[in-house]
Amino acid sequence: MPQDIDFGLPAPAGISPGLEATRRHNLGWVRRLGLVGDGPSLAWYTSWDMPRLAACGFPHARGAALDLCADAMAFFFVFDDQFDGPLGRDPARAARVCRRLTGIVHGAGPGPGADACSAAFADVWARSTDGAHPGWVARTAHEWEYYFAAQAHEAINRLRGTPGDMESYLQVRRGIAGTDLPLSLGERAAGITVPAAAFHSPQLRIMREAAIDVTLMCNDVYSLEKEEARGDMDNLVLVIEHARRCTRDEAVTAARGEVARRVIRFEQLAREVPALCAQLGLSAVERAHVDTYLGVMEAWMSGYHAWQTQTRRYTGAPHVLPSTGPGYFDEVLPT
């Protein structure tokens, strides 16, 4: 597994205080809601260190906000693993299961006797939206819908058995990675709301997409061995290998180039943002929110990168959960 690949991303600028308190909260939360059982399941989950990811990726978060970020990360990864088995090779079942989750986004509620994933997501969504700006709720609801809907398309790609083209890969991968959602969670955790005129400017839209792609592309390299063994096709290295008919080393080098180009573009556009804010006539408070949001995006890229290069989720997966079986100990998303 190419865990020693260096993408040249900066170290995290900071880490949220209160990490140990959030560790205690998060462990209690996943057990109370049934996301994680006892024994090997609990030991495996604990080794991922979701609270550390939250503290590094969301340095603006404090207290309950940091707890929410850690719980959201726990949901993401436990939910994702449920598709590393029969469900992930059955597009119709995947779509049906994910409709339940999408219904929660649109107000349906999990219902009595809900499965652990539905109950956990309902809790995360309720806490995220409590007191949030309506604009934030609207666009974050769309992001969750995209995330859930993309699961069926990843299943379709697994059945195809060969990587797709770059454009199709990005459409599915951006969905299943859900990496636009941490940016929105980071915005919420920082206590800001980016003005719509700035949020939808070419500069911030391109920067946001770059931050999303950097995160998922680095992850594709670090999780390559795990994903290839399970027949996943939506991986940047595999897509490049297939399209260019090149070697593994050449594909990894090309993947690093894709990341580097996006980091450079992000930095270029960041320098344009002060003038953009002036042109839009933003107030001092609004400009401060935009500036903080740039920090949110930077923190997520560097914080996630720092976490994924150390977590046992990627270094230990082939030994803990061999690819001959499902990628989880507990089935918490019944169909």
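Each Cβ is built from the backbone N, Cα and C atoms, and glycine gets one as well.
According to Swiss-Prot:
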type    : residues               : note
BINDING : Asp80, Asp84           : Mg(2+) 2 binding site
BINDING : Asp80, Asp84           : Mg(2+) 1 binding site
BINDING : Asn219, Ser223, Glu227 : Mg(2+) 3 binding site
MOTIF   : 80-84                  : motif 'DDXXD motif'
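Features recorded in Swiss-Prot, as mapped to the structure shown.
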{"residue": "Asp80", "record": "Mg(2+) 2 binding site", "Cβ contacts under 8 Å, 6 or more apart": "Ile176"}
{"residue": "Asp84", "record": "Mg(2+) 2 binding site", "Cβ contacts under 8 Å, 6 or more apart": "Arg230, Leu321, Pro326, Gly327, Tyr328"}
{"residue": "Asn219", "record": "Mg(2+) 3 binding site", "Cβ contacts under 8 Å, 6 or more apart": "Ala177, Tyr304, Gln308"}
{"residue": "Ser223", "record": "Mg(2+) 3 binding site", "Cβ contacts under 8 Å, 6 or more apart": "Asn235, Tyr314"}
{"residue": "Glu227", "record": "Mg(2+) 3 binding site", "Cβ contacts under 8 Å, 6 or more apart": "Asp220, Asn235, Leu238"}
Three-state composition of the motif 'DDXXD motif' (80-84), taking helix and strand from DSSP: 2 helix, 0 strand, 3 coil
Model confidence over the motif 'DDXXD motif' (80-84), averaged pLDDT: 96
Distal contacts, the motif 'DDXXD motif' (80-84) - CB-CB under 8 A, six or more residues away: 94, 117, 151, 154-155, 176, 230, 321, 326-328, 331-333
Chain-mates of Asn219, Ser223, Glu227 with C-beta within 8 Å of site centroid, Mg(2+) 3: Asp220, Val221, Tyr222, Leu224, Lys226, Asp232, Asn235, Tyr314
DSSP three-state assignment for Glu227 (Mg(2+) 3 binding site): helix
